[in-house]
Amino acid sequence: MYDGEDLETPPSPERPPPRHIDKYVRAECPCLTARYTVALLACFGFSIMFGMRCNMSMAKLKMTEKHNTSSGVREDTPFNWSVSVESSIDSSYFAGYLITQVPGGYLASMYPANRIFGAAIFASAIFNMAIPGAMSLGPAAVVMLKVAQGFVEGVTYPSCHGIWRMWAPPMERSRLATLAFCGTYAGIVIGMPLYFLWLWLVFERPSKHPHISGKELAYIEQSLGTASQAAMPGFWSTPWKEFATSTPVYAIIVANFCRTWNFCLLVIFQSAYFNTRFNMQITESGFVGAIPHLIMTSLVPIGGMMADYLRKNNIMTTTNVRKLFNCGGFGLEAFFFVLVAYADNKYVATIELTLGVACSGFAISGYNVNHLDIAPRYASILMGLSNGIGTIAGFVVPIVIDYMTQEKDKLEKAITEWREVFLMGATVHFIGITIYGIFASGELQPWADPPPTAYDAPMKPISDQETTFSEQPSAPLKGSEPPAYGAIAPPRPPAPQQHVPNNPFVSGALYQAEPIQPPAESYQDLTDDGTY
C-alpha cells in the first residue's frame, strides 16, 4: 500500500524511459497533475470539435443576410440553397457520426484511446478546412465532407471514456469527465498546435507516463485496483445481451437522446431563432447565442466537483447523485424553455435561454458520467452505444425543425412556429426526466465484472508406490484474479506448503540430509605444558 510519501520512481514495471524530447522539455504541464492535464487537453479537443460542428449554421445565416439599401431590402443568396438542401447538409454530419459510435467504443477498449481521440480531432480539422472549397463545387461535395467529418468525430466521446477508464480515480470521475466535456460547450477554436500538445503530454495510461510523480501514480492505480489491468474482452465475449436487457443502460440511452435533441436544437437553430423572431443581426445573434454556452462551460466542472463531494463524503449514494444532477439539469432547462416559448422581448428571451442552457450543464454529471459507474470495464463501448442512438436525434432534429419553421420569415408565423419548437424541446426533457428518474442506477452491474478464471485441478499421485507429492491446488496465474473496481483488491494469501520429508523433488519441500560427520566443536586454548 502507498504510504503517502512521494516516490522518485513510481511502483510500476511499465514505466517507460524518457523519450528524446523529454531530455529537453519534460512531458508535464506546470501547476497541473498528469490526470488534470489530460482533462484540460481533452477539453480543448472537444472545444475544437464543437466549433467546427456549429460554424456551418452561422455560415448559412451569413449567406442569406439581408441588407437595407436605398432601393429597398436586398438579400444576399450566393448559393440559393433550398430548405431541403440545407436540411440535408445539417443532417449529413450526424449520418457519419452515427456510424462510428459503437465501433469507436470497441476500438477505444482495444487500442490506446488517447491516440484515437487525437487522430479524430486532427482528421476532422483537415476536412473542415476543405469545406469552403467544396461549397463552390456544390451541395453534394459539402454533404460528403460533412459525412466524413462526422465519421471521424464519432469516435471522440467513446475514446474519451476509454481514457478515463485508465486515468480517473473512482471518486474523481465526475470532475475529470465534466472538465473534459465542458470544452464541448466552450466552442472556441484554439488552433491546430493543441494536437501536438496532445501527442506530447497525454499517454495511454498513468504507468506509461515517463514523468508522472510516484505519488499520483500510486494514488490512481490503487484507487482503480486491478480494473485497469484486466484484459479487455473480444467482440463475442462482450456482454451484448446484458446491454440489451439492462434498464440502467436504457436510462442512459434515453437521457443521451433527449440531451442531444435539445443540444442540436440550440447549436443549429439558436441564431436563426433570434434572427427571425427578434430581427437580430448576425453579429448580435451570434454573440447572444454564445453567452449561454460560455456560462455553461463554467458550470459543468462545478457540477462535477459537487457530485464528487456528495459521493466522497457519503452524503448521497452514487445513484441518487446521478439522478439529482441529471433530472435537475433537464428539469430546469425544460422550465426555461417553456418561458422562452412565450417570451415577447429579446432581452427576456436571452436571460431565460441563458439560465436554461447554463442549468443543463449539471446533467453532464448525471448521464454522461454514468457509464463509468455501472460498467467501467465497458465504459467506452457503452458510451459509443448510447451516443450512437442519441445521434439519431441529431439526424432528425434539423429535418423536423426545418419543416416546422418553413414560414419563419413572417413574424406572425415565426412566433407560433418557434413556440412549438421550444415546447417540443421541453416535452422531450420531461420524458427523459421520468425514464431516467425511475430506471437509472449508479451501482456496478453484475454483468460488468469479467467471469472468474477457473483454477487448474490439483495433480494426484498415479499410484501408492510412487513418490507422494503434497496435494494442493496449483497457484493461479498472475493477473487471473477478478478485478476490483473502485477499491483495492487484497493480495491473495500464499497457499500453505505441506512438509514432505526427504523428498528433494517436491517444490517447497524440506530435504532432511543425514550428517556425514559430527559437527565440529570449538577447541580450547593450549596450556603452558602443551596439553589441552
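Backbone N, Cα and C define each Cβ position, glycine as well.
All annotation found in TrEMBL is predicted automatically rather than curated by experts.
Residues or ranges marked as compositional bias 'Polar residues' by TrEMBL: 464-473.
The region 'Disordered' feature in TrEMBL is assigned to 450-532.
Residues or ranges marked as transmembrane segment in TrEMBL: 33-52 (among others).
If you look up TrEMBL, you'll see 116-135 (among others) marked as transmembrane segment.
Look at TrEMBL and you will find 176-203 (among others) tagged as transmembrane segment.
As annotated by TrEMBL, transmembrane segment applies to 249-273 (among others).
Here TrEMBL flags 285-303 (among others) as transmembrane segment.
For 324-343 (among others), the entry in TrEMBL reads transmembrane segment. Sequence-distant contacts of the transmembrane segment (324-343), counting only residues of its own chain at least 6 positions beyond either end whose CB sits under 8 Å from a CB of the stretch, comprise 255, 258-259, 262, 303, 306-307, 316, 349, 352-353, 355-357, 359-367, 370, 418-423, 425-427, 429-430, 432-433, 436-437, 440.
Distant neighbours of the transmembrane segment (349-369): 173-174, 177-178, 181-182, 185, 251-252, 255-256, 259, 262, 266, 270, 274, 277-278, 288, 291-293, 295-297, 299-300, 303-304, 306-307, 321-330, 332-337, 339-340, 343, 386, 436, 440; these residues of the same chain sit at least 6 beyond its ends, with a Cβ under 8 Å from one of its Cβ atoms. Per TrEMBL, transmembrane segment is recorded for 349-369 (among others).
If you look up TrEMBL, you'll see 381-401 (among others) marked as transmembrane segment.
Same-chain neighbours of the transmembrane segment (421-439): 247-248, 250-252, 254-255, 257-259, 261-262, 265, 269, 273, 323, 326-327, 330-331, 333-335, 337-338, 340-341, 366-367, 401, 404-405, counting only residues six or more beyond its ends whose CB sits under 8 Å from a CB of the stretch. Residues annotated as transmembrane segment in TrEMBL: 421-439 (among others).
With a cut-off of 8 Å between Cβ atoms, the residues of this chain six or more beyond the transmembrane segment (381-401) that come close are 86-87, 90-91, 93-95, 97-98, 101-106, 108-109, 154-155, 157-158, 160-161, 238, 243, 249, 252-253, 256-261, 263-265, 268-269, 367, 371, 374-375, 421.
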